[in-house]
Amino acid sequence: SGGERKRCAIGMELVTNPSILFLDEPTTGLDTYTAFSVIDTLRQLAMTGRTVVATIHQPSSDIFHLFDDLLVLAQGNIVYQGPCKESVAYFGELGFPCPRYANPADHLFMRVLNDTGGLRSSVSVGEGSRANNMRDGNRVGLLASAYKDSEQRNKYEALAAEPGAGVGMKDIARRAGVGTQVLALSIRNVRNIVRHPLGMRAKFAQSLVMGLIIALIYREIGTHQVSVQGRVGSLFFISMGFMLAAFGVLGAFAMEKMIFTRETALGMYTTGSFYLTKTLTELPHNCLFPIMQMGVMYYIIGYQDKVENFFLFAVTAVLNLNCGNALGIFIAACFSDLRVTLIAAPPLILPLMIFSGFFINTDSIPVYLDWIKYLSPVNFSFRAFMKTEMADLKLTCADDELKANPSCPLTQPRCFCPVLEGEQVLRSMNLDGGMTRAEALACLCALYFAFTFLGFIVLTANVRAKNKQRAKHV
């Protein structure tokens with residue numbers, strides 16, 4: 001409800017335990033009872049020793065009397081400042097008596113500030129000049145002048161001039177440590193997952209369905225010559241599929257960033273705490289789901305039946321997906337508008353797939369574009385998958401796959417099998433030399449940390465820029 005949202009917003013402000021709480025029209029849009037409940041909550045906060053300053057819009061009589069002090073401004077002038085309960089008597093002395101059973105707030109705005117009838121009938125002879133001014137439309141000037149000459153103003157000025165005047169404040173508590181912030185944010189993230197499990201179920205279903213689709217397409221691939229194309233294609237498709245996790249992060253992180261921007265502006269936690277928490281809480285399912293997907297695909301497709309190969313496939317898949325996730329967060333952090341993010345993401349991500357070594361031989365890449373392949377998680381994951389699967393792989397030829405060769409006997413002109421080992425496939429794609437499998441996995445780790453660090457740097461820079469912009473308007 002509206003009242004719950006208002007109280008929730010107030011509660012968010014109170015997380016940092018501020019000594020002074022400023023609120024702009026906290027009752028706007030609420031019904032009478034809910035508005036009273038919100039203001040009563042603020043009054044209870046004020047009774048604990050906290051200063052609460054609020055602007056109010058059309059308060060009821062009950063709400064009006066909940067306030068301790070009242071400041072009335074008109075055209076930039078102070079018309080009244082003092083105890084709320086004394087305001088009726090003050091304006092009554094000026095010739096604006098509040099009718100019995102009338103709402104003091106309505107009387108103040110409808111009669112005192114916007115009507116001259118009350119003064120015309122009540123002003124004394126000695127204040128004829130004020131009456132003339134009021135009739136001439138200088139009502140606000142008269143009220144401001146009356147306040148300047150009042151005992152109420154003199155009392156406040158004398159109080160402000162006293163040494164040590166002001167509200168006594170305890171020592172402001174230091175911000176909670178990083179560990180406390182990370183723990184609190186982690187608990188909140190876990191609770192959000194438990195309360196809203198649909199997102200996690202969708203990711204689970206996505207991993208399962210994608211794994212089944214790929215497995216059924218390349219099912220029982222075998223070791224014949226035709227299987228070479230299937231193995232290479234499936235390994236690239238798996239690499240690309242995990243990399244596409246970057247697109248799924250864009251929208252989700254944009255929503256989180258809105259909450260993050262508001263809460264960091266209130267000083268609830270630091271950028272580092274938020275980013276570390278997000279990284280840690282996403283790691284479990286970013287590791288579990290690719291392993292599950294790989295478990296669905298590996299043996300149905302028919303890759304080499306080796307436990308160590310499956311383990312290496314799982315490690316590569318986990319690193320690849322986490323690289324895509326970190327890259328997506330980095331891209332989302334660079335842009336404040338989700339529409340711009342979605343437009344900018346494809347031109348940034350697609351080149352990383354093109355220069356993976358599947359669509360183009362890495363030796364054929366122009367020199368001025370060669371550096372792109374070192375930023376591509378697909379390049380390193382595809383290389384790691386290929387080196388794992390093609391190592392010690394023995395291939396065979398069906399009768400219709402045999403080729404003619406001068407070494408074949410006359411009785412069997414087609415006896416030559418073109419590809420007998422996986423190493424031959426690696427050589428044909430220029431993947432046999434250079435980087436080893438371990439080096440490719442190390443590069444994936446390096447890219448993950450690099451994208452994560454860049455995302456943190458960009459997010460921190462955005463927060464500082466917004467804080468500077470906010471400070472200029474204060």
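Cβ from N, Cα, C; glycine included.
In TrEMBL this protein carries:
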DOMAIN    57-114  domain 'ABC transporter family G'
DOMAIN    180-389  domain 'ABC-2 type transporter transmembrane'
TRANSMEM  204-221  transmembrane segment
TRANSMEM  233-254  transmembrane segment
TRANSMEM  287-304  transmembrane segment
TRANSMEM  310-333  transmembrane segment
TRANSMEM  340-360  transmembrane segment
TRANSMEM  438-463  transmembrane segment
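Contacts between the transmembrane segment (287-304) and the transmembrane segment (204-221): present, as 3 or more C-beta pairs lie under 8 angstroms, all at sequence separation of six or more. When Cβ-Cβ distances below 8 Å are used as the criterion, the transmembrane segment (438-463) is approached by residues 257, 260-261, 264, 271-272, 275, 279, 315-316, 319-320, 322-323, 326-327, 329-330, 333-334, 336, 374-375, 377, 380-381, 383-384, 387 of the same chain, each at least six residues removed from its ends. Note: the domain 'ABC transporter family G' (57-114) comprises 23 helix, 13 strand, 22 coil (DSSP; helix = H, G, I, strand = E, B).
Sequence-distant contacts of the transmembrane segment (233-254), counting only residues of its own chain at least 6 positions beyond either end whose CB sits under 8 Å from a CB of the stretch, comprise 199, 210, 214, 217-218, 221, 286, 290, 294, 297, 301, 317, 320-321, 323-325, 327-329, 331-333, 338, 341-342, 345, 349, 352-353, 356, 358, 377-378, 381-382, 385-386, 389.
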